[in-house]
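Just below is one structure, and these are the notes that go with it.
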């Protein structure tokens, strides 16, 4: 049965949306096309009508995930205390517990290094964009100082989130997020906003 162009576009979007979530939840390599298409409510055979390969889908899904993260960060950067808002959001229990809707970088931290050049390129561009948001909001005089601080904040947040997700002890996970948040606040936020 043929579908209209509008329906085909809607199906493609649904596949990318589902892939973006499933790849963050379980990884790219371990998420099979059958399971992905089933989760999208479509048949396996329809996959290749939309994508030449799983890698093409992974590239698009990663791009979409990173664009959404950038949108969240840009919105948070509009707040009165942008860096504090980004850190609080990123290192929150809600972000930790909602991996399928969270940061792609933390979810695919190790797998990304083994991904295709296209996926790595998209991830690299996404990281550069996220660093740009941080760079605009960290204290520091020179561009070089601000860039170094942005990289420090970003890598500390991603590492803390990944480790907090990895442990099976809820109290330790909570401690990891709190310690990272306090450390970043102490280093980069005004004293009156640093958590106790």
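Just so you know, glycine gets a Cβ as well, placed from its N, Cα and C.
No curator has checked TrEMBL annotations; they are predicted automatically.
Annotated features, as they stand in TrEMBL:
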- 32-51: DNA-binding region (DNA_BIND)
- 9-69: domain 'HTH tetR-type' (DOMAIN)
- 150-167: transmembrane segment (TRANSMEM)
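Residues of the same chain lying 6 or more positions beyond the ends of the transmembrane segment (150-167) and with a Cβ under 8 Å from any Cβ of it are 83, 87, 90-91, 95-96, 99, 102-103, 105-106, 109, 127, 130-132, 134-135, 138, 173-174, 176-177, 179-181, 183-184, 187-188. Applying DSSP to the DNA-binding region (32-51) sorts its residues as follows: 14 helix, 0 strand, 6 coil.
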